[in-house]
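This report concerns only the one structure given below.
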There are 2 protein chains.
Amino acid sequence: MREVLEEVLKDVVPSEELRRKAEKAAEELEKRLKEKLKNYPDLEFRFLGSFARDTWLPESLEIDVFVLFPESYTEEELERIGLEIGKSVLDEFELRYAAHPYVHGKVLGVEADVVPCYKLRSAEKIKSAVDRTPFHHEWLKDRIKGKENDVRLLKRFLKASNLYGAEYKVRGFSGYLCELLVVFYGSFENLVKEAAKWRRDLVIDVAKGKVYRKKGLKNIFVVDPVDEKRNVAANLSVDNLAKFVEKCRLFIENPSKEFFYPEREKINDEKLEKELESRFVYEISFEKPAIVEDNLYPQLERACRKISEFLENNDFEVIKTGHFVKDDTCLIYVETAFERLGKIKKHFGPPFEVYEHAMRFIKKEREYKHFFEDGKYVTYVRRKYTQADEAIRDCIRNHWKSLGADVGEKIRSGVVKRVITPSPETKEFIWEFLKLKA
Amino acid sequence: MREVLEEVLKDVVPSEELRRKAEKAAEELEKRLKEKLKNYPDLEFRFLGSFARDTWLPESLEIDVFVLFPESYTEEELERIGLEIGKSVLDEFELRYAAHPYVHGKVLGVEADVVPCYKLRSAEKIKSAVDRTPFHHEWLKDRIKGKENDVRLLKRFLKASNLYGAEYKVRGFSGYLCELLVVFYGSFENLVKEAAKWRRDLVIDVAKGKVYRKKGLKNIFVVDPVDEKRNVAANLSVDNLAKFVEKCRLFIENPSKEFFYPEREKINDEKLEKELESRFVYEISFEKPAIVEDNLYPQLERACRKISEFLENNDFEVIKTGHFVKDDTCLIYVETAFERLGKIKKHFGPPFEVYEHAMRFIKKEREYKHFFEDGKYVTYVRRKYTQADEAIRDCIRNHWKSLGADVGEKIRSGVVKRVITPSPETKEFIWEFLKLKA
């Protein structure tokens, strides 16, 4: 394993040249900020995040600067002044949105974020998530020393399997979580060995240096050293936890560089089409609503879940749902176990013993005769939908309100079709959705 | 109600003419038997059953004579001599089979059965079911006096709904059960009023004059006055019990002659075909095995149940099964909720936590990639059957051994097809099977 890690380090540790470029940009940004903040003597700024702690990956260099405001500022002031400062110190910029808007841009060709936040006494009293970042940095900055490259290995190991990032699109491991795990387990190698035995009911208390099982816990809980109520792994899904644990096991068993590079799969078009002909996969395509990803993805998940429930309520067994965003189009995929149902289903009445209820049951006007099953009244009623695509179409046309606030508005005029010959842009996603092997 | 019953009595009480014909035949049969039994001084004969108790319906006059053998006779002797006597006293005859063979034939144009049985001290020590009949007659003959026409009303009421007869083909009320119920409740009218409130957990103890509920009882228990361990209603199915109770309620609410005459329904051919096109009904036709009905029908029920289980095990939801015998052909019908399934189904593995089991799961050679659902391993496996008719065909070809000893042997070369245009002989059955209304 050591040899493999040595090899990989060559790719994950930034070159001297890149470091020099980054340092120069950081110095320039610092100079500009000092100059700018002369106008705001009660504000201060700090370099935080992976750049400040030297845990960044060469392919994702980004300098994070936080501007700290005293609590006397209103949120509106913080936002206005924060953005103004950001715009004035960056060469080119755009607004981005997390809990609050912040400025993203470049300094001497290097990506940078300028994020306003409050300067607080305790991380437990924060007003918004960004206010916690200075505390995270304080806690980590000395503890991570000497382990920076282990963090880099971990990040790349996760990225290769699309497990890096706590955002809703990924539901994986945040950079902060990566650093805490490396501090807790001491090294990448040791983390991998321990994670191979992880369970979803573990509590990892980084500050106290303890790990223990907690009965009934549904997903791993990594206690934030700066706020013990907070789970740093809150956004990590159980299935991504499972993927990570599996990956650790496989890596231990047979260490190789491949674990650090995403695998590109070859798609067999003929196999793909043949598979789609004998399975029932439906695509709903609709215009992407103009919202940020961290809002969009939970809504897409909700839409998948609700469409699934709708189908199941109408007796169409759902095998899997998935979503995929391509440029300005959202795509939802639903695979059902069958395409067509017979026109009737059973409708049960009372056991024959319940005299009055039974009489009401047989006196209702019904399309079919009633009969008994195990002494219980039964009749047939017409199904609302006999075709899966009909059901999906009715769901998005008439029940769009439950499919996410913004997604619902767009999906209602979406297009539903069974997929047999996928477009070139969707092929890769569908190949993976079907769990095909080359 | 009284008026209706008066009207119906005209149809259910035999005419004087028919009675005279029956009496003449009975006298003749008695004469012949006395003559014949001179050779067997230790045998005696008795008129038993509905003819002897004057509870027969005009359309089903049949004289039952039982020849009683002392216990010193072997079964083989009883059978041989019994048949010989029967053959010699009837004008024309054929062998029939109940517990033992007996002779059915005619005397002066009237149907008659000559049945050999043992003469025993107690009905609890019988060797075969027919040995009980003399005891039944003893118990009933005086008690039924004056209530004969109530029995007739009940029998006709049941016949109109195919609820008369304890044989497996019907699973309804035996003649003996009808008489006990009339004795117990005093009259047809009172029986109907009480039966409207029946429950499946009732014990009706005729000899003790008590009726009470028994917790956990799955079907009504009518205690045989001559053998308290025996349930006279053992062969009555819960669903036929329910049908009877419902019929009593409807009759009380709105008495009319129609309850005593079977309804003939008009079949709408066009509606029938349209219905079959939008539902999935499969027919299995095969040669009727040469066995008695009381053996055949339980086997047909078993075959229906087993085919149903087979389909459900292969994820084809079964709505209903039914069987129907037409001349020398047995027909089994199966309705499924859908015709075609996608080629794959989910195959679950262990939760990711179970290290060793997980490693075994992922190392098996598989057609599809695995993934996780709620932390559990899942993969897809190919279904054995994607078409319902394929599954049925494989079931009867390769699993016929479980489909009833004699039925299995025949069904294995049966023909399976989806029904869209039923033949004229099966139309009526299928109309009812689909629970269509005119």
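Each residue's number is its place along the chain shown, starting with 1.
The backbone N, Cα and C atoms fix where each Cβ goes, and this holds for glycine too.
TrEMBL does not curate its annotations; it predicts them automatically.
It should be emphasised that the depicted structure is a prediction, and the values quoted were computed from it without experimental measurement.
Listed by TrEMBL as binding Mg(2+) are A:GLU62, A:ASP64; the candidate from A:ASP11, A:ASP91, A:ASP113 that the record includes in that site is A:ASP113.
Counting residues 6+ beyond its ends, the coiled coil (A:15-46) has Cβ neighbours under 8 Å at 52, 58, 61, 63, 65-70, 72, 81, 85, 88-89, 107-110, 112, 119, 134, 137 in the same chain.
Of the residues the record lists as binding ATP, namely A:SER50, A:ARG53, A:HIS136, A:LYS155, A:TYR164, the two whose Cα atoms sit farthest apart are 18 Å from each other. Per-residue pLDDT, averaged along the coiled coil (A:15-46), amounts to 95 for this model. Taking the mean position of the Cβ atoms of A:GLU62, A:ASP64, A:ASP113 as the Mg(2+) site, the remaining same-chain residues with a Cβ inside 8 Å of that point are A:GLY49, A:PHE51, A:ILE63, A:VAL65, A:HIS104, A:GLU111, A:ALA112, A:VAL115. Of all the binding-site residues in the record (A:SER50, A:ARG53, A:LYS155, A:TYR164), the one with the smallest CA separation from A:ASP64 (Mg(2+) binding site) is A:SER50.
A simple Cβ count within 10 Å picks out one of the binding-site residues A:ARG53, A:HIS136, A:LYS155 as the most packed, and that one is A:LYS155. Here the candidates are the binding-site residues A:SER50, A:LYS155, A:TYR164, and by Cα distance the one nearest A:ASP113 (Mg(2+) binding site) turns out to be A:SER50. In this structure the C-alpha atoms belonging to A:TYR164 (CTP binding site) and A:GLU62 (Mg(2+) binding site) are separated by 16 Å.
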